[in-house]
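Scroll down for the structure; my scribbles are underneath it.
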Amino acid sequence: MSWIVNKQSSQEELAGRFRKLMSAPDILQIPGAHDGMAALLAKEAGFSAIYLSGAAYTASRGLPDLGIITSAEIAERAKDLVRAADLPLLVDIDTGFGGVLNAARTAREMLEARVAAVQMEDQQLPKKCGHLNGKQLVPIKEMAQKIKAIKQAAPSLIVVARTDARAQEGLDAAIKRSEAYIEAGADAIFPEALQAENEFRQFAERIPVPLLANMTEFGKTPYYRADEFEDMGFHMVIYPVTSLRAAAKACERMFGLMKEHGSQKEGLHDMQTRKELYDTISYYDYEALDKTIAKTVLPDE
């Protein structure tokens, strides 16, 4: 049913669902959804939560992931995803978009968008993708202050603290930072760019809160299955840019086909049909809002 007329979950309800999911015995798979259509397809596939990646969002706007977007911009996209799917959403808020006050403002914006959880990292600006070299980190105290500010500004918002320290300072330092972030109020920890099974297991042995793994493509982490992350002691796994990469490659192939053949006909088998599209976006639910609108009759495919 259309979100315009259907009762949707409150932020508190969505956060409560996310908290239960991340604490459940089975690992929580969280696919990235870079737009509303991807969010709907993730829900259709049976996922219980979705993720908004800063990298995927910026790329969807033709921009690099270098900290050049604003909190208001990503909050607007987050609102689209929650409206579309009514699923708990974990949002990548980079470094909090500035200092402590910026992090607090971001938290309030996420609350207004009905976001269930946020992920914040301990990099300095300009930040980089977590699987690239040359990252610089803020002091532990600064990251802890941001976490405290978020929890004060938006108590119901779940905070997943990401540390990029493994690459710059080593595994023990990453664990030490994580312990400080938990003390500051973080609800879960995201150790970025771990590179081997023993590293994941060490984190799980020493960190008492739910842990999130990043199964991005073309990164430093080997391609583990969800059940393998679960066996290593992790509670969540994200696939941050998968939807955008798949969509972009499909567009690239289709545009090449159109340019080569002067038509898209040869690629129709790779497209959503009109019926599939209408079913996904609940077209007829919207049309039913006005009984005077004639029901659309689909042409033969």
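Cβ atoms are placed via backbone N, Cα and C, with glycine included.
Applying an 8 A CB threshold to same-chain residues 6+ apart, the list for MET215 (substrate binding site) reads THR221, TYR223, TYR224, PHE229, VAL237, ILE238, TYR239. What Swiss-Prot records for SER53, GLY54, ALA55, CYS129, GLY130, ARG162, GLU192, ASN214, MET215, THR216, ARG245, ARG274 is substrate binding site, and it gives similarity to another entry as the kind of evidence.
The Mg(2+) binding site annotation in Swiss-Prot covers ASP92, ASP94 and is backed by similarity to another entry. Its own atom aside, the Cβ of ASP92 (Mg(2+) binding site) has 24 Cβ atoms within 10 angstroms in the protein chains shown.
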Exercise for review: Express the distance between the Cα positions of ARG245 (substrate binding site) and ASP94 (Mg(2+) binding site) as a whole number of Å.
Suggested key: 20
Practice item. Quick one: pull the CA-CA distance for ASP92 (Mg(2+) binding site) versus GLU192 (substrate binding site), whole Å only. Key: 13
Study note, to complete from the structure: Counting across all protein chains, other CB atoms within 10 angstroms of the CB of SER53 (substrate binding site) number 28
Check your understanding: About how far apart, in whole Å, are the alpha carbons (Cα) of ASP94 (Mg(2+) binding site) and SER53 (substrate binding site)?
Key -> 9
